[in-house]
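Asks: This is the structure, below, for whatever I ask next.
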Amino acid sequence: MGAKGMATAAGTAVLVYLVLSGRLCGDAGEDQVISSAVSAAVAKRRRRKEEARARREQRREARARRWPERAPAGWGEAAAVAARTVRYTYGETLGKWPLGEIAFGIKYYMRQQGNLQHEYAGSNSQLLEGPEVKEELISLLGYLKLCMHFSKKPYKVFMEFGGYDESDVLIKKSKARLMKPSFTVVRDRSAKCFFLFIRGAISVKDRLTAATGAEVPFHHVVAQDGHVSKLVLGHAHCGMVVAARWIAKQAIPCLNEAVEKFPDYGVKIIGHSMGAGIAAILTYIVRENERLSSSTCLAFGPAACMTWDLAESGKDFITTIVNRNDLVPSFGKVSAAKLRTEVMASSWVHDLREQIQQTRFLGFVNRSVSFIRSHVPFVSDPRSKVVDVDMLVPNSSEAEVKPSSNSEAVVKKRPALACWSCVADSAKHSTHDMTNHTGIDVKAEKTNSEAAQLVSISMEELDLEESDNDDDTDRGENEPALYETDEDQSTTELLETLTDNPHEPSSSSHCQEPRQLYPPGRIMHMVGLPSSEPNTSEQGDREEVVALYETPRHLYSKIRLARSMIREHYMPKYIRTMELLIDKLAEDIDSDQLGSL
């Protein structure tokens, strides 16, 4: 039996082998098709895995680039958001603006620009006057005083000023945190209204909230008869959007209960500066609630916080009040970039050059800076690598370099180690001198031009080299340009230091083009205009007449510089201007009544 079983097994194995070997030999093409299909399936699966991995990385990077949509829940999130905000703010301010443009360029451009308040009283603006406007201003002044007491005074003083008691306080959040501003909700029995006051940027955390100025998507749903009638798409200020959502999460349930209990009461949201921007955005959110759809907003000096379509859609329920030269309603990334372009295009560098040469103190500072730069090469640009001048000048004889006497003087003046900006200065002068003389070695000229190309400084953007050549041409009528004094050279070096921009653009700005933001709603601007009456005294020449205009929104896409542009943003200045305006309107009404009699 054992032998028969062994033989059967051996025969079966041989038969299977023959069948399989015959199939393999006969169907080679089919096997190739199968193997290629398997390889394609494996490659397709590998590609799917790689694509899924790439999508996960993209989503992770997008989450990392995306600004927060809610207020930080703990100190860890708050620290991360604060660090990112500081980087963003630095990149958009000092990271883009050189020292010279901030210290001298803005001041010169402000003096050259003059007072531009008359632009707010142009043909596109509408003058507001009459008894109705006076009554509206009186009520606005009362709301502003309440807002100032809430923001600047202790809460008990605010309650005493408004005539509130403990039963009138619905919500009280006195301590501000990052993207969680201080606010309160009170019931005003005389006005039959629930007031929601939002404090502006007072503490460091408030200022960090205001500095989180990236644009994030924000949409407003307009409901009518319980149905969506319109959807307004746009973008808004990130920090203010997050703060508004945080307030809405706490205030909307409370306001719903209060309105249900007092159906004849309204809801008014009031704020100043950053608080005004948050109040405007919060009003959009609150009005999407059916019971709170009649809520209105008063924004005193709001920040530019939303795009055009959103701002225009709030004209019926948001009133913005701007005081004279207040900077905040027109300040944003796009308007700041426009201002920087205008400052760079102005001739502030030449004006500063004249001041340095004419002022004894500035001349002393200039010579001190030049002395320090001569002995400490890396002071002018801490990023610059220290390079030996001999590395940039070819090994030539003294006779070859001698025709460029100015370049020789610069080399003698500086040590062997010099910074890139000093090398650029010497290369610029040597190249200019060589073009004014004959018999110059071509190799030295090529080397000097290559040395000048190694340096990239913002002076080239300001066309300072061209202006220097013009100055040298004018000076050449009296004496050769190669005998330029050391004081002129040191002046040029100081200007190079002031106009040099050692910072790279912010990494947050390369993702997309920034959007122009505007103040929200209907804009009422209190404008100070020169008096039309003839004045004989010098003091009379400085008098202004305050008028109230409803201004178009496009005027706030440009920053208009003035000496009082920051001072006139504060609430006491707003109150003073409104009081002057109310008195003027009262005088106009009285004079009209006397004239009619």
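Even glycines carry a Cβ here, placed using N, Cα and C.
All TrEMBL annotations are machine predictions without curation.
Not my notes, these are from TrEMBL:
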type: COMPBIAS; residues: 49-65; note: compositional bias 'Basic and acidic residues'
type: COMPBIAS; residues: 460-474; note: compositional bias 'Acidic residues'
type: COMPBIAS; residues: 491-511; note: compositional bias 'Polar residues'
type: DOMAIN; residues: 71-134; note: domain 'Mono-/di-acylglycerol lipase N-terminal'
type: DOMAIN; residues: 196-331; note: domain 'Fungal lipase-type'
type: REGION; residues: 45-65; note: region 'Disordered'
type: REGION; residues: 459-518; note: region 'Disordered'
type: SIGNAL; residues: 1-21; note: signal peptide
Asks: By DSSP, what is the split of the domain 'Fungal lipase-type' (196-331) into helix, strand and coil residues?
Replies: 58 helix, 39 strand, 39 coil
Asks: DSSP-wise, what's the residue breakdown of the domain 'Mono-/di-acylglycerol lipase N-terminal' (71-134) into helix, strand and coil?
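Replies: The domain 'Mono-/di-acylglycerol lipase N-terminal' (71-134) comes out at 42 helix, 3 strand, 19 coil.
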Asks: For the domain 'Fungal lipase-type' (196-331), would you mind checking the mean pLDDT of the predicted model?
Replies: 93
